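Okay, structure first, notes after.
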Amino acid sequence: MDSLSDDSPRKVLERVSGALGCSPTSLDVATHLDKHDPLRHLRKQFLIPKVGDLPPSDLSLVDGAEDCIYFVGNSLGLQPRSARKYIDEELDKWAKTGIHGHVEGARPWAWAENNIEELMANVVGAKVEEVALMNGLTVNLHLLLLSFYKPTPSRHKILIEDKAFPSDHYAVESQIQLRGFDPQQSMLLMKCRAGEDTLRTEDILELIRREGDSIAVVMFSGVQYYTGQLFNMAAITAAGHGKGCFVGFDCAHAVGNAELKLHDWGVDFACWCSYKYLNSGAGGLAGAFVHEKHAHTVKPALLGWWGHNLKTRFSMNNEMDLVPGVGGFRISNQPILLVCPLQASLEIFSQTSMPALRQKSRLLTAYLESLIQHYYARDEAQPHLPSVRIITPPAPEERGCQLSLCFSVPIRAVFQELERRGVACDMREPNVLRIAPVPLYNSFSDVHRFVSLLGSALTASAGLPRGAQPSP
Ligand SMILES: *Cc1c(COP(=O)(O)O)cnc(C)c1O
């Protein structure tokens, strides 16, 4: 695959099927791509649930002993094998040594999270001093907005995409209210053009140019959770700065999925959770970024002892020696049991690189896209057959691994039939499925099997005779 890296994913797929002398839809293409996948060994470092263990599986339809098709790493990443070992080590240390665990062992609890900040910084393209691991995502968004959102009568707006993730919407709304402003006036929601599903970069930049003088903070997601659109963070940051705004990103769906260069882009602040593409387990330790240019000027609004210089943190003299930058935003000591699984996952990331993951990801997602279009694009000659429209942008640089599929039929029955067949994915009613083939642990064969099972699921849910819906 390496030698083909300069080609578009489409060209690679054509070339492989050409060389194999088979149809691009043949399982042989998937098998070949898996065999030549330089990252295929990483899958073995995760626990892949078995079909038989997933509650909705129907074992009269599928073999319970097979690995499930896990395409929902955009919602909850899989468990790294070493997570349990690390957690066991800390439970043992606690059992045997009690309080001594704070300063002893492989992960002294009093600074355990500091040991993995460098691994985290590499994934988001930041310097280690620009990253903190703490709290949950929405909490971090609040803490950052408390420092970066300082509205004045002339500059009081926060620009955010319309239909942002609800937690972000509420956070922004409540921050505006907290400052005594009215969300109706101060919350600027960027909508798509009529008839379009995603935002155009040129429209985002134009809106910032037009309204920028009244915008205090531009707060977009990195990858939009619903459409899978990857925003041009570099361009948005530059446009915001051109108008004197702070620019921050919620990278929940971008971290571990897209290549981030938070430092180089000059992003002012960012936050993310770690249980999606970062595989740290539900409610895992979240991340925050503050650019080093703000290290001595933008201060945390709320203080706690964990923002104090570590060297003298425990001398307890009640004179704050604040860590510069995002380190000073830490309030409480960090939960060691959440540090363990995040360490396990970040160590897997450190065995590869985001460019290498992205290279596989572009191909994996393009493969899914090409099979979906081949089998399920609307066929004018057979309008009675259910069809699929992909709302995620087609350009690889405008998306991460996720494709959002919009069906011509209500989605619930299709989703249930997929679940009965051992597929884990995400449904958004009325008619969208979000499918995330994750390059760390998903394979090209997973994609092929999914597309085949989707054919069975569509046939079963529509009550069509067997084989009415073409599929591989
Ligand atoms: C997943 C997600 C959240 C979840 O917030 P928590 O504080 O982790 O519960 C918030 N915002 C976005 C954009 C997300 O994708």
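Every residue, even glycine, has its Cβ placed from backbone N, Cα and C.
The record from TrEMBL ties L137, T138, F165, P166, S167, D168, S221, D250, H253, Y275, W305 to pyridoxal 5'-phosphate, and of the options N333, N431, N442 it ties N333 to that site too. A Cα-Cα distance of 11 Å separates L137 (pyridoxal 5'-phosphate binding site) from K276 (N6-(pyridoxal phosphate)lysine).
Around W305 (pyridoxal 5'-phosphate binding site), the C-beta neighbours below 8 angstroms that are at least 6 residues distant in the chain are R313, I331, S332, N333.
Cβ environment of S167 (pyridoxal 5'-phosphate binding site): L137, T138, L141 lie under 8 Å away, each six or more residues apart in the same chain. In this structure the alpha carbons, written CA, of S221 (pyridoxal 5'-phosphate binding site) and K276 (N6-(pyridoxal phosphate)lysine) are 14 Å apart. The Cβ of F165 (pyridoxal 5'-phosphate binding site) has 19 neighbouring Cβ atoms from other residues within 10 Å, across all protein chains displayed.
A sphere of 10 angstroms centred on the C-beta of H253 (pyridoxal 5'-phosphate binding site) encloses 29 other C-beta atoms.
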